[in-house]
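The active site, charge relay system annotation in TrEMBL covers ASP208, HIS239, SER405. The domain 'Membrane-bound transcription factor site-1 protease-like N-terminal' feature in TrEMBL is assigned to 48-122. Look at TrEMBL and you will find 199-450 tagged as domain 'Peptidase S8/S53'. Annotated domain 'MBTPS1 third' per TrEMBL: 479-526, in sequence order.
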Amino acid sequence: MIIIQLSFPLKSALFVIFLSVSLFHFKPLFNPTRKQTLTHYGSNNLTVRKNYIIRFTEYKPASDHRSYLESNLRSDGWEWIERRNVAAKFPTDFGLVSIEGSVKEALIEEIERLGFVKDVNVDLSYNRGLLGAGGGAFENGRKRPGKIFTSMSFSEEKHCHVSGLSNSSINWSRHLLSQRSQVTSLFGADALWRKGYTGAKVKMAIFDTGIRADHPHFRNIKERTNWTNEDTLNDNLGHGTFVAGVIAGEDAECLGFAPDTEIYAFRVFTDAQVSYTSWFLDAFNYAIATNMDVLNLSIGGPDYLDLPFVEKVWEITANNIIMVSAIGNDGPLYGTLNNPADQSDVIGVGGIDYSDHIASFSSRGMSTWEIPHGYGRVKPDVVAYGREIMGSKISTGCKSLSGTSVASPVVAGVVCLLVSIIPENKRKEILNPACMKQALVEGAAKLAGPNMYEQGAGRVDLLESYEILKSYQPRASIFPSVLDYTDCPYSWPFCLQPLYAGAMPVIFNATVLNGMGVIGYVHSPP
């Protein structure tokens, strides 16, 4: 007996069922707390305050939400926090408040009883740790929740310690090509350039560390926005500039895929490599309000329990923004996917080397949201080159970096090129995250060695995906489309599992990609 468990991203919310069996329920979502305190010393007492996100059921000006709370809350011990950024001119669906620890429980309970309040969550802080490969951020000896940058560079340090492998180090310099190839030529981007497709009129949102306005590698920096508490738009770390270079750079030494793409740089991390959920929520809302086409997010973390973040990603994709995200650098262990790349509506990208081997640092599936109540999904969706990729430096010149945060902008650049083949007046009508994922997974080249939880559909194939998209008609499909027990090692562990009468049922989780709309229904049994 084989039970097919289907995940429905439907470009937004995720609906999962056991066909002909029962409704599938998610692991409960909750928000682990982070240390984020403002401490004030009074005469003889200590008051600890934390920032909380209050989500409302409607979009309204922030001033209206504030007035609503002030008119309806009887308790003291809270303070509204003004958020001064470019999203302030648009309606919002949340507010940020500081709450005293002594009244926290009673006050949150009072707030959540209000009719127009959806819920209250801690404003989590995200830090970029020194990940290496498989590293992470730890707190009090335990891996902490929250988002962290996927490690961006192994090439600048000859050796990198791998946490979890005792007394071992890996020389990332070995087994590399004797000369660096342009990653764009490896995917055949020049074939589309010759046809006149260069990413023109595609709005690319890069959520990262910013970019400098006068950088010589970019011809089309449309807007730079700052969502942090620092007064700068510039990239002082180099990560955001590098990512932008892989997507849209025009320097001959480190060409990007789509040089005419319109770059919108969202600076969501400080120079100290810190961010907060509330900064992301404002930036995501602005991306929706300004009609971005593609969004690259080279961050990740083991925490898919930050509900405001996760649900805002669903809203992003429901608004036809194609999100590409790094699957994480917590390999080679299985079940180490990073969020948001592990979400069904996001294109999760793993890393390979130039020999088409899965990079040891690339996180492996399956997804863990469904466990223990169901079976995890196949992730990553696709893989791309993530070792020794050339990209732009902060001011001028090129450098090479490695990591899935490098593989992610490779795919984001491919996506920008693919978006540009659809006439601008028809893009929002035809293109959506589901159909772009269909084009990528159906066009991908399956690699000989890795299994489906390491490579997903395989290595991105730009030209095959182009052929699929240029004549695309909205439809639904299933990924993976086949569970072949004779295909080893790709179908591992199923291909090693004997089938016999009386055996336990086999459960396999496949994802329905619905290119026809945000909402869909299972019309009849398969």
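Each Cβ is built from the backbone N, Cα and C atoms, and glycine gets one as well.
Whatever TrEMBL says is automated annotation, not expert-curated.
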Please give me the CB contact count at 10 A for HIS239 (active site, charge relay system), counting all chains in the structure.
25
So what's the mean pLDDT when you look at the domain 'MBTPS1 third' (479-526)?
89
A 10 Å Cβ contact count, applied to the active-site residues ASP208, SER405: which residue has the minimum?
ASP208
Do you know the DSSP helix, strand and coil residue counts for the domain 'MBTPS1 third' (479-526)?
3 helix, 10 strand, 35 coil
For the C-alpha pair, I'd like the distance in angstrom between SER405 (active site, charge relay system) and HIS239 (active site, charge relay system), rounded off.
9
Rounded Cα-Cα span from HIS239 (active site, charge relay system) to ASP208 (active site, charge relay system), Å:
7
If you run through the domain 'Membrane-bound transcription factor site-1 protease-like N-terminal' (48-122) with DSSP, how many residues end up as helix, strand and coil?
27 helix, 31 strand, 17 coil
